[in-house]
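Some features that TrEMBL has for this protein:
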COMPBIAS  68-79  compositional bias 'Basic and acidic residues'
COMPBIAS  90-106  compositional bias 'Basic and acidic residues'
COMPBIAS  127-143  compositional bias 'Low complexity'
COMPBIAS  153-169  compositional bias 'Basic and acidic residues'
DOMAIN    7-46  domain 'NudC N-terminal'
REGION    68-169  region 'Disordered'
Amino acid sequence: MPVDYEKFDGILLSLLGNMEGGIDDLFDLIFNFLNRKSDYFTGMDTTVSRKRLLEVYDKYAKDVEKAKAEKQRQKEEQNQKLAEMRAAQKAKEEAEFRSQPKIKEITDEEAEELQKKLASLQEQDSKPSASKPSPASATAPPAENDEEENEEDKGKLKPNEGNGYDHEHYQWTQTLSEVEIPFCLWP
C-alpha cells in the first residue's frame, strides 16, 4: 500500500519551523531518532544503510534535475518564440516602412508652415547671442587658417593644444595612448 506523504506535511513543516538551524537540525533530529528508536544503524551494516539513504536521495534529486531541465527547456522555447515574434514584428515594420512613399505630398498650408519654421531656425542659427558669449568663442584658440574651415565645422568647439577641451572648472588633454583629466573641486 503506497504511503500518503502529504498527510505528514503538517507535522514535518511544524518540525522544520521550530528548528533554529533549519534543515540541518531537521536531518540531525531524524538521524538521532533513527539511532535511538530503530535498528537503522544497528540492524544492518553501515554501508548498506548509507547506500539505502543515498538511493532515496538520488530518487528525489533525479526528479528535481528533470524538473529543472524541463523548466530550462520551456524557458528556451519561450525565448525562441519571443525572438521569432520580435523578428517578425521588425520585418513587418520594415516592410511597412518600405511600402510607404519616400516623398510625401503636403498641402499648401503645410508647406507655408514648414517654410516659416525653417526660416525661423535659420535666423536663430545666424544670429549670435549678444547676452552671453558662446563657449566656442570663449575657449577656442584663434584659428590659423579660417579658409580651410568647412561649413560642417562652423559652430563646433575647437580642441585645445592637447586635442582636448578647456573649461572654466576643468580641462582635459589626450594623447594616442592616454587621456589626462586633472581633478578639480567645484567652487
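Note: Cβ is positioned from N, Cα and C throughout, glycine not excepted.
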Long-range neighbours of the compositional bias 'Basic and acidic residues' (90-106), counting only residues six or more past its ends (CB under 8 A):
114
Taking only the residues in the domain 'NudC N-terminal' (7-46), give me the average pLDDT of this model.
88
What is the three-state DSSP composition of the compositional bias 'Basic and acidic residues' (90-106), stated as helix, strand and coil residue counts?
10 helix, 0 strand, 7 coil
For the compositional bias 'Basic and acidic residues' (153-169), the DSSP helix/strand/coil residue counts are 0 helix, 2 strand, 15 coil
